[in-house]
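S.K.: Pasting in a structure now, in structure tokens, and then I'll have a few things to ask.
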Amino acid sequence: MGHLNTVLQENLAGQRVVKAFAAEDLESEKFNYHASEVARYGFTAERLQAITTSLNNFFLLGGTGVILWFGGLQVVNGSMTEGELVSFVLFMGLLAIPVRMTAWIVNSFSRAMSSGERIFYVLDAESPVKEKRNALDIPRVRGDVRFEDVAFGYSELSPVLKGVDFEAPRAKVVAILGAPGSGKTTVVHLIPRFYDVSEGRITVDGMDIRDVTLASLRRNVGIVQQDVFIFTSTIRANIAYGSVDAPMEDVVRAAKAAQLHDYIESMPDGYDTYVGERGVTLSGGQRQRLAIARTLLLDPPILILDDSTSSVDTETEHLIRQALDTLIQGRTTFVIAHRLSSVKNADMILVMKEGRIVQQGVHEELVSVPGPYQEIYELQLRPQEVEVNGGGSLTSGGTGAASVSLETRTLNVEGTS
């Protein structure tokens, strides 16, 4: 039954993909196969229950007949009274009820156990991230983040990060560059303790993050992800998700800063507009700006940006650029990127490969040293700069980059391909 529900859920959630690839027949076959399996096991269970019930009834009724026959002889012989015979027959009837129920209970129990095992597996699962009993509830932090020889692996046999060591000073932009699977996302996910380090430690303002409560730590960290999750609720509830007690004035201010207020006001119900399941009524750019507004309302001193302008048009990109410009001001910002144009103006660039930091510095330093950064520069930015010098037709960031200024710097935040 679990496999059947999985197929059904995937087909409903991915119906656009199914239709786009004309895979209705394939999915129908998968559903019919699992439905047939459920029916086959169901028929087997019902057949066994019917056989068990029939046997119970046969022996109970047969036993009643034997009692009547034998008891009748005893009454005729004077060894038993009529009242005693009636009592035995009534006792037999009372015994039949629990015996019949036993067969039903056994069948129901076997079904419940198969489902219960999966349910209790989830309920009994323990989070690997545990909070200390004497953990500190910290107020707003300054935003100085340090990784001290950090190692991490999802298991002992599969290390993901090894010897990661760097410092991100307050209000600086740290860009993390590397190929898919190099450990970029894992690094930033360790900051709010989605996972715990295997070796070393991470500190915020000199405090080991394992010594503070999860709630107070995560109040100080804001994340704008590529795949934004929108709840089935109103726009206001989604913006205020991390700050449920925020007054309406603050919600509106955050929406304005995220370049979303004008769109919200154009809706009939304004901020009380329902966005549908997972924000289905919003475009990709609107979901990104809603996530930015949510983070602005939280006002965290530490910020994580993950491909915040992927798959959006030029106009939407410009709006997101303005929103990000407001968002990163005065915050310690980590930017995850695959492309050099996204990171070259950051205060610090970390180049990762196979879970290690292989290069660290600023653009001018790294581009002059042979290594992965210089190789990426030759592939990605050098052709653009040559074209700029020759015809002046391109900007330094190239098209598709969202330039985010922080004081006198410009940080290009670009979606991955």
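Placement of Cβ uses the backbone N, Cα and C atoms for every residue, glycine included.
Pulled from TrEMBL, these are the listed features:
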| type | residues | note |
| --- | --- | --- |
| DOMAIN | 1-111 | domain 'ABC transmembrane type-1' |
| TRANSMEM | 55-73 | transmembrane segment |
| TRANSMEM | 85-106 | transmembrane segment |
| DOMAIN | 145-379 | domain 'ABC transporter' |
| COMPBIAS | 389-400 | compositional bias 'Gly residues' |
| REGION | 389-417 | region 'Disordered' |
| COMPBIAS | 407-417 | compositional bias 'Polar residues' |
S.K.: Grab the same-chain neighbours of the transmembrane segment (85-106) for me: Cβ-Cβ under 8 Å, and only residues 6 or more beyond its ends, written as numbers and ranges.
M.R.: 49, 52-53, 56-57, 60, 63-64, 67-68, 71-72, 74-75
S.K.: Which sequence-distant residues neighbour the transmembrane segment (55-73)? Criterion: at least 6 residues beyond either end, Cβ under 8 Å.
M.R.: 80, 84-85, 88-89, 92-93, 95-96, 99-100, 102-103
S.K.: Please list, for the domain 'ABC transmembrane type-1' (1-111), how many residues fall into helix, strand and coil according to DSSP.
M.R.: 102 helix, 0 strand, 9 coil
S.K.: For the domain 'ABC transporter' (145-379), would you mind checking the mean pLDDT of the predicted model?
M.R.: 88
